[in-house]
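Let me begin by presenting the structure, written as structure tokens, before commenting on it.
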Amino acid sequence: MNLQKDLANSYQAANKLTRVLFGIYLVALFWILVLKLGVRFSYMGNREVNFIPFGHQIFYHGRMDSGEIILNVLVFVPLGIYTGVLFAPWSFWKKLFFFFGISLTVEVIQFVMAVGAFDTTDMMTNTFGGLLGLLLFRSMEKVFKSRTKAQKYINLIAATGTGFMILLLILLKLDMLPIRYR
């Protein structure tokens, strides 16, 4: 009886921490993708729409440039992991639609605020990043043979990553890194 109660309390504590980390991730995602880390770029103020997937982004000065595509995928991997943990009852398709919906929302906000283009490539790569994160979480569940153990491991990694992210942003704001930031 006590063991069941301890397991239930452990699961509730892990879920609470996961929700807090997910909230921090969503704020950071908004700040990075919509507010552009507070940096003013030359393209801001322009409204562009790109309905041709993987059109102009892949080639830059005649050479293949996949950096932005890779970053778009990577920034949405945590969304897939958190969705796998927090929204387990959702069907696969509902989760996939959630990734697409978040990406669509970001693209629309960027367009309306004139801080970036409305880009179908971004929506596709962001959705793919969410899918990769979801598959990563499912793989971790199988490796740990326990949803709760996988969640605790994810929380440890996410808390550490969040701490490093906050430290990096503080150092950037205090101009203590060899990176120009305004």
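Quick reminder: no glycine exception, Cβ is built from N, Cα and C everywhere.
According to TrEMBL, the feature domain 'VanZ-like' maps to 22-138. The annotation transmembrane segment is assigned in TrEMBL to 20-39, 69-89, 96-117, 123-141, 153-172.
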For the transmembrane segment (123-141), sequence-distant contacts whose Cβ falls under 8 Å of one of its Cβ atoms, 6 or more beyond its ends: 53-54, 69, 72-85, 92, 95-96, 98-100, 102-104, 106-107, 147, 150, 153-154
Top Cβ-contact partner of the transmembrane segment (96-117) among 20-39, 69-89, 153-172 (pairs under 8 Å): 20-39
Positions whose Cβ lies under 8 angstroms from the transmembrane segment (69-89), at least six residues beyond its ends: 15, 18-19, 21-22, 25, 29, 32-33, 54, 57-58, 95, 98-99, 102-103, 121-122, 125-138, 147, 150-151, 154, 158
Cβ contacts under 8 Å made by the transmembrane segment (20-39) with residues that lie 6+ beyond its boundaries: 75, 78-79, 82, 86, 106, 109-110, 113, 115-116, 155, 158-159, 162, 165, 172, 181-182
